[in-house]
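To start, the structure under review is shown below, and the notes come after it.
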Amino acid sequence: MAFSTGGSSSSGNANERKLQRDIPTDSCVRLYLSPVPSVEGDEDEDVDDDHQSQAALSIVEQDDSGEEVELTSVTPGTATTVTIVDTNHGVSNPSKTQYDEEVTDVTYVVRKHYENFETIDWLKDLMRNRIRHRNLRAQRRASWRQRFIFWFDAWSGWICVLLVGLSAGLVAGFVDIGAKWMSHWRTGVCTPAFWLNREQCCWGSREVEFDHVHSELCEHWNTWSQIFDMNELSVSAWFFRYFMFIFWSVIYSGFIVCLVVGSAPYASGSGIPEIKTILSGFIMYGYLGKWTFFIKSIGMIFVTSAGLIVGKEGPFVHISCCCGNLFSKLFPKYGNNEARKREILSAAAATGVSVAFGAPIGGILFGLEEISYYFPYKTLWRTFFCCMIGALVVRTINPYGNGHEIQFPVEYNVPWATFEVVPFICLGILGGLWGTLFIKTNIRWLKYKKTSRIGQYPRAEVVILTLITAFICYPNLYLRLTMPELIRRLVGQCRVDNHMDLCDYEREKPTGTATSKLYSALAGPGIHRAIWQLFWALIVQITLVIFTIGTKIPSGLIVPSISIGAIAGRLIGIITEQIAYQNQHLAILRHECGVSNEHCVTPGLYAVVGACAFLGGVSRMTVSLVVIMSEVTGGLSYIVPLMVTALAAKWVGDAFGEGIYEENVKLSGYPYLENRESFRFTLKAGEAVRASRSDETVPLACIIQDGMTIAQIDRLLHRHPHSIYPVIISEDFPCIVGQVQRRDLLAVLKSRKTQSPQIQSKPLLNRKYSVVSMSNLLNKSGQPSSLGMRRASIALQASKILKLHKLVDRAPIIVTDQTPMEAVVDMFRKLGCRQIFVTKNGRLHGILTRKDIIRLMQEANISKKLEH
């Protein structure tokens, strides 16, 4: 906020002492330079003076972006003081200065808000947090209230992550239950209780049968043809069920795409690329807002129920970060400090993976490896606590119906053979190749949509895509299942009482009870039928996921990648099983499969490994991926195969480019500086400045230390719309002494334009240096005219020298022109710099911004590819 006021005799001795401390000894009009805006000087004020300063504040309004809006008028004949205030610390009472009325004094305390699509200043935010903590610690012994505030501030981080874990777990349980019920609604209804899904509906039935894909069939669950009294075996009944399947799919997708496009555009996509960018320090107002949270939570239910090839697990990261952003506003420690807020967001992002898969440890590693940019040690413990709370809530709700939080349980513990490393590596290679194929085609399709008419009709695009998906998927029993149900069947092991096609083996030895051991056997006709159906399902999912990811709906890529990998892995597992069974005489197989022939090859294990390979090929995760897959399936005995496959998929994928999240960040143009990529140029800072400047003849936009008029600064801001300006001594000697931000200069100019001009004829006419002629001030009768006086006032205001008291940051980051660019890039990464000033022989040579570094790194990557 900003306000203007005049000095008065009631300011008090404290203000006089502070005024004397601020005014220099020379008589030149200069910019008053200081380090980061100081609030420590305000602590020396008396209590009475603090009450007076609070009373001097005028009514302030704020817009949606968090920028403060001014102002009040000034007392006639006094200097104008515009003070930008941080409401957490108060403001010193402005008073008169010793300068004449040509000088406008501006006092700067602390700015805590950022503009939209702006990078935060990590150093300044963390320093401001330390000052705030020091103030609370110094005041904690003053009263019980101050002591309570201090301890509440100390525990606010744990309370905040507790609320985030609880809310994320509740939302995850609600979404999982709702999505399963609505997806089953497309095929039928539970007539005794319509709010139950098919699995729950058949729990109380005495006679339960299963179809070829192990879906429940009971008397309580009625298909749409049965509800309308149609013959189940007739062709018309089949087509009617086909129509209802397509009808409900279109209704679900049409509703949510209209809701997203019309009310919350930020709710589309998975949100992981944007979360990575936000955690790196980028401001995106509204992306983590309450409407985005609500609509995306509802949207995940409708989108997955519509049968589109998308997942709801990826968007859970976005949903959890929305919870973290909303709850952080309840605690000033995080709500008023963007750098500290990102600690909560990092914990929330990890919790999103924890509640989506029931993998708390994997969520923590996912946050460390893939998401977080700033992850201090204390944030690790809070993330651990938040993920634990989220997993406990999901287990309590039990949305999967299996009594625990594991989504795809593996209920076997069969040792894997040594020769199986070869097919595991092959799966990893296939996963890396598929990841590359998907990334290249999907990014190219998204670029094409931006320049074609298809991107202008997002609603029609989603509806048509839903029609095509439902039309193709219904005839295939495996595609008719939801993707979590399909994955659960693919990674499972065949039992004696399983009669689905995937378990149709020609057993030579009789089996007794359900717990009897199963032995390898030749594949029966059901296996052959399942192979062709799964192969068709693999082609359909690979094709449709390319066009579905990137539409204006909540869409995640994790579960589709797992589903495609599980299908490919199960097919390869069946083939490997049959080869091993028919060639037991080979030396490589005799030791593993020639003794008892019990579980020589487990096809379900190949589905788990394939899911890991294909997800790793898309996301390029390694450590967190292995832990997530181990927790999701519960198969801790298969960590080594998962490690082999994940590493092979990453190596193959990295040979062709970056992962999907990095490519989406580049496609959106976000200023995300990758902290794992090395800088391949052997440049100096001075050479990088010349490379970033397209026209070296144009001088740099700088603020002169000796002062500039309001008109000069206004002209500078319009001609050079930069976010920050260097402050130099003079044009002849451009030695940098500080930096000033554009938003602060705009606030000062706005205050000068909106305040009421005080028109006084006598001082105006008797000025020693007049900027208007006397003839322009007088009317025909020789008296001063109101129009002339107004023009004179405007001209005089524009000619005033702007003295920016404490507005300039005197501690900018400066390097010389001989500094290696590797060191400059590390400064941007580790210090979170927004810009770095480059000097040559003590003179300002240029400025390097985060976008310059990103562009130089992209050019380095392009040149490397051309060399190869």
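The backbone N, Cα and C atoms fix where each Cβ goes, and this holds for glycine too.
Annotation source TrEMBL lists compositional bias 'Low complexity' at 1-12.
What TrEMBL lists as compositional bias 'Basic and acidic residues' is 15-24.
Residues annotated as domain 'CBS' in TrEMBL: 808-864. Helix, strand and coil content of the domain 'CBS' (808-864), in residues and according to DSSP, is 26 helix, 19 strand, 12 coil.
For 1-26, the entry in TrEMBL reads region 'Disordered'.
Here TrEMBL flags 148-175 (among others) as transmembrane segment.
What TrEMBL lists as transmembrane segment is 239-267 (among others).
What TrEMBL lists as transmembrane segment is 288-310 (among others). A Cβ distance under 8 Å defines the sequence-distant neighbours of the transmembrane segment (288-310), meaning residues of its chain 6+ beyond its ends; these are 171, 174-175, 178-179, 182-183, 185-186, 248-250, 252-253, 255-256, 259-260, 263-264, 266-267, 271, 278, 316, 318-319, 321-326, 345, 465-466, 469-470, 473, 482-483, 541, 544-545, 548-549, 553-557, 559-560.
According to TrEMBL, the feature transmembrane segment maps to 344-368 (among others).
Marked as transmembrane segment by TrEMBL: 380-401 (among others). Counting same-chain residues at least six beyond the ends of the transmembrane segment (380-401), those with a Cβ under 8 angstroms from any Cβ of the stretch are 157-158, 161-162, 164-166, 168-170, 172-173, 176-177, 180, 199-200, 320, 343, 346-348, 350-351, 354-355, 358-361, 363-364, 367-368, 407.
The transmembrane segment annotation in TrEMBL covers 421-439 (among others).
Sequence-distant contacts of the transmembrane segment (460-479) (same chain, at least 6 residues past either end, Cβ-Cβ under 8 Å): 211-213, 215, 242, 245-246, 249-250, 252-254, 257, 306-309, 454, 486, 530, 533-534, 536-537, 540-541, 544, 547-548, 551-553. The transmembrane segment annotation in TrEMBL covers 460-479 (among others).
Annotated transmembrane segment per TrEMBL: 530-550 (among others), in sequence order.
What TrEMBL lists as transmembrane segment is 557-575 (among others).
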Taking a Cβ cut-off under 8 Å, which residues six or more beyond the ends of the transmembrane segment (344-368) line up next to it in the same chain?
157, 160-161, 164-165, 168-169, 171-172, 275, 278-279, 288, 312-314, 316-321, 323-325, 327-328, 334, 374-375, 379-380, 382-384, 386-391, 393-395, 404-407, 558, 621, 623-624, 627-632
Restricting to the same chain and to residues at least six past its boundaries, which positions have a Cβ under 8 Å from a Cβ of the transmembrane segment (530-550)?
212, 269, 308-310, 434, 438, 441-442, 445-446, 449, 465, 468-469, 472-473, 476-479, 486, 500-502, 504, 557, 560, 563-564, 567-568, 570-571, 574
Over the domain 'CBS' (808-864), work out the mean pLDDT and round it to an integer.
86
